[in-house]
Structures are given as C-alpha cells and as structure tokens.
C-alpha cells in the first residue's frame, strides 16, 4: 500500500492527514493554534507556532500509522494546502519571522487599500483588476506586505539589507521544512496576492513597482503538482519519523484544493466549502474569466509545469462557521455544535427576522468593508431558535447571491453543487441551500476533500496516480455522495430573498 501525506494548514488549526492509494484517510493528527487579536479588526498568527504545529502533526500522524500498519515504510510524497492570503515576512539569513502574520480576514490594511486605489488612479482600479482578476481589498496578500513594509521596522530593515522574504503560508512551510532551500509558491496561492498576472502566471513587474513590493522578496511560482523541495528539518522529530528524505510534491490553496479534492476537473463543475468562511469555486476552463459581478477571477489548478491551467471564478463569504461559533461562544445560544441544527429545526421559520453576519464586512459579491453584523425584525416573541435558523439562512442566502453572479459571469448554469467543510454536515443548512439554488447538493461520505486535494497533487507528481482519469475512477469506486434535493415553493424562496435584500441595506454601520 502506498501512502501520501497532506498538511492542511487552516485558519484555526493545522492537521496532517495520511491517505492511502484508495484515497482513504488512514491517520490524522490536529493541533490548534492561537488567534491573536491585538486591536479591533486585527487577526494575526505566529508563523513559528504554525510551523511547529505542522511538524508535530506529521510526527504524531506517522507514529499512529506505524502502530496500525506494521508494513508501513514511507510516505511517497507530501502535499500542502493552506489558508490563503495570510502573509508571512521573514529574514532569509536568520530564517526567523519578523512579525506575526496578518490573516486573510484581517482589516488593518484598509487605509493601505485606499492609498493604493489613489496611486493606481482612483475609481475601481480596473487597470490592476484586469491583470490580477481581483479587486483592491484588505483580503489580498500584497496589501499586507505593503502594510508590513510601512509599519514594521524590522521588515523595512530587512528589505533595505536585501534579506527580506515574503510568502503565504505554503511558502513559509516549504521554506522551513526544507531548511531554507525551497523559496517557492504555487499558482493558486500566487494568484491571491494581487501581484500575479493571471494570464502569464508570473509576477507582474508593473504591479510590483506600483505597489512598492520588491520582486526579489517574492518566491518562484510553480504549478500545483511537481517537486518543490524535500523535508530536511528535524523539528519535532519529523526527519526521524519520515525515515528517509521525503519530497514535497504538491502545493495548493485551500479552496482550490477543495475544488480538486471534489473532482471538479471539468468546466462548469463547482464546489462550496462551508468552513470558517464560505467559498464557492466554479471551474471555468482553460481561459480566465474576468468577473463583472463582484467575483474573483483566480487559478483553479495546474497539474505539472507543462500541464494546462484551469481557471475558476470564486465567491468568498467571510463568516459561515465563524457565525455559528459566535453564536455558541459569544452569545451562549447553545453549548455544542450538534445542538445548532436541532434548535433551528424546532421552529418552522425565522418569524420575520433576518440576520446579516457581516462581522468583518461583506465580501463577494458586495465588497462592503463598512457593513457590520445586523439582526432586523426582532420582536418580543423572537427566541434563540429563530436567531439560529436566521443565521443558517444567511449563510445560504449569501451563497445564493454568489451563484447568481457566477451564472452571469461564466454563462453557465449549475446542475448540482458539491460541498464540503464542517457545516456541510448540517442537514438543515443543506436543505435550505438546495431550495434557494434550485439544484441538488452533493455531500461526500469522505469529508476530508480539502486535504485530499493536496494529497492528489502530490500523488500525481509522485506517480501514485497516473492521471486525472485514474483519480476520478478511484474516487467513484471508493467514495459515495449523499444527494439533498430542493423543496419548498418559489414564492417562499422569493420572499426570503426579498427580505434579505432589504436587510442588506441596513448593514452600513462602520465609519471607515
């Protein structure tokens, strides 16, 4: 039996999952990491904590597999999938981070985005968007780089000395795991920086100059499935656990990894991940589609340096699982995640309330950083069950708006939607989603599709699987999908959407 490992580095934790050649997860270890919030709107991570967590997860998961399988000898290859946009700055001499890493949904760069918009000529910065496929937003890595250069003296000093390295989490992990030998990224992560030309898949000299990001601080861009380097660190006993020099042969941003792990290899196929945020991606084929309706144009995946590049349209929602966690932890509406669906099902509707969970602004397709969390329509009869149900509806309603934009941009209709992520296990949410979209929702029996995507990238490069056709054939043989079909009337659907649109108008609260 051959095994492939996947480092799944997310917003709240790091995991290492080992898959066998039948695409089944056979060993896993997970370690949470600290969420640092030094100021309102800020969220940052300790890069060294993330690196050590990854190493710990690898060592423990491998040890667990050795106990299960006495014949286990090696991991054929390792893939990495990661929270995108979160940006690390480090010194190439010391190999140590120069500050904590601003996370993808951190809002500290709002003033930087206003400054950059002015520098690019004002308006909606269409010049840059036509290169990158992205709007100017606090979301993307380039603005975090610019903020660090202007506000962190150690970063500015390293830049002057020529020792500064910038990278997203994939780059940071590969750099540290390889002992500083691999300073690389992949096309999906690079496409989320606001510095990569989407058509050429190379850094744009013009944008780097305009945003004042020195190109020498950026890593080499590669495909998602090829040799990136070898694991050479012995942090937490990783080298000893692996038993031999193990190649890193896959790297892919988390949402693209979920697209790949959900087998969306063909044009028009789409997936949604219900995680901390909510992320819908549609494969639009080998030609980039530039959105006119508030979506992101991005790289979907590229298998091999000379392989075709498949592009995607993406709609990102900031708060999905984060909304459920807010209700549990901050508001004490329930004590365990399993109670969420039960309470929401205890009422037939929301009794007229609408919840807009814009805790850190609204992303696609609205792009409104001034929006804040809003609940409208409450009365003395409103209960926690109504609020919880309204929160689930809000997640589905935001996704419905994203799908509407995607249909207009891609000129393609959804025939079904593949889903993954923790909230895909919430049956009521899946029912609401199917009814709003009017298509079947396909829920996989094997929920680790994000980690699987990176493992597939690594395994394809290592020869564990020889083609996408073989990957799909194995998946059809080994995995199954539950279908959730639409229900309810068109009148109910339209009424829900109309109330949602009215509630959105009331969310502009923050004075930025």
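Just so you know, glycine gets a Cβ as well, placed from its N, Cα and C.
Between the candidates 110, 139, 310, Swiss-Prot assigns the substrate site shared with 11, 84, 254 to 139. 276 is the only one of 276, 374, 379, 483 that Swiss-Prot places in the ATP site (with 15, 321, 422, 423, 424, 425, 426).
Comparing the binding-site residues 84, 425 by how many other C-beta atoms lie within 10 angstroms of each C-beta, the top residue is 84.
In the three-state DSSP reading, residue 15 (ATP binding site) counts as strand. Within 10 Å of residue 15 (ATP binding site), counting C-alpha to C-alpha distances, fall none of the binding-site residues 84, 139, 254. Put simply, of the binding-site residues 11, 84, 254, the one whose Cα is nearest the Cα of residue 276 (ATP binding site) is 11. Rounded to the nearest whole angstrom, the C-alpha distance between residue 321 (ATP binding site) and residue 11 (substrate binding site) is 11. Looking at 11, 424, the binding-site residues in this record, the fewest other C-beta atoms within 10 angstroms of the C-beta turn up around 11. In the three-state DSSP classification, residue 422 (ATP binding site) falls within a helix. Around the Cβ of residue 423 (ATP binding site), 25 further Cβ atoms fall within 10 Å across all displayed protein chains.
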